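Feature annotation from TrEMBL assigns domain 'Gfo/Idh/MocA-like oxidoreductase N-terminal' to 17-125. Summarising the annotation, TrEMBL assigns domain 'Oxidoreductase DRL-like catalytic' to 155-188.
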Amino acid sequence: MSLIAKLKARAQEGKPVKVGLIGAGKFGSMYLSQAPRTPGIHLVGVADLSPDRARASLKRVGWEEARYAARSWNEAIAQGSTYITDDADAMIASDHVDIVIDATGSPAAGIHHALLCCKHRKHIVMVNVEADVLAGPLLARRAQEAGILYSMASGNQPALIAEIVDWARTIGMEVICAGKGTKYLPIYH
């Protein structure tokens, strides 16, 4: 069963995946623009150091204010809306979140959030490349020990590289090396 089929099934069953997003900057805003169009997903909360920035991001990508006007986790769940907070730790600890997306771009914050997800048994999607580069293998091991999933975001360069390596191995190729090219560096133009 494909991902979209599974998400549609969850939507039909009235059991959406409850997501908490940390960071409403560039990537966070891209996710915010797609979340309402994704069946089977309920973005329960957005945690950002600046709740006003989170609200501005939601407004900029087309959310109606009523969709992110929840004043508590309970209200967000009851109304199918989104709660805005500056307390990512409380969001991770909340019983109302199944999966956490870290889109902060801060290695220290991302590592902290991933370890907290392990403690509270919340799956984590690590969009924070900086944290993954610094501690990804350790975080993946800690997540496995905690019985949760540690995943990179599909579409992010490290995730795309991992998918290509997986595909190459699946068709019998031996992968010697994989990484990102440097074509964007000025010295290569």
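Placement of Cβ uses the backbone N, Cα and C atoms for every residue, glycine included.
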The domain 'Gfo/Idh/MocA-like oxidoreductase N-terminal' (17-125) - residue tally per DSSP class, helix then strand then coil: 53 helix, 24 strand, 32 coil
For the domain 'Gfo/Idh/MocA-like oxidoreductase N-terminal' (17-125), mean pLDDT (0 to 100): 97
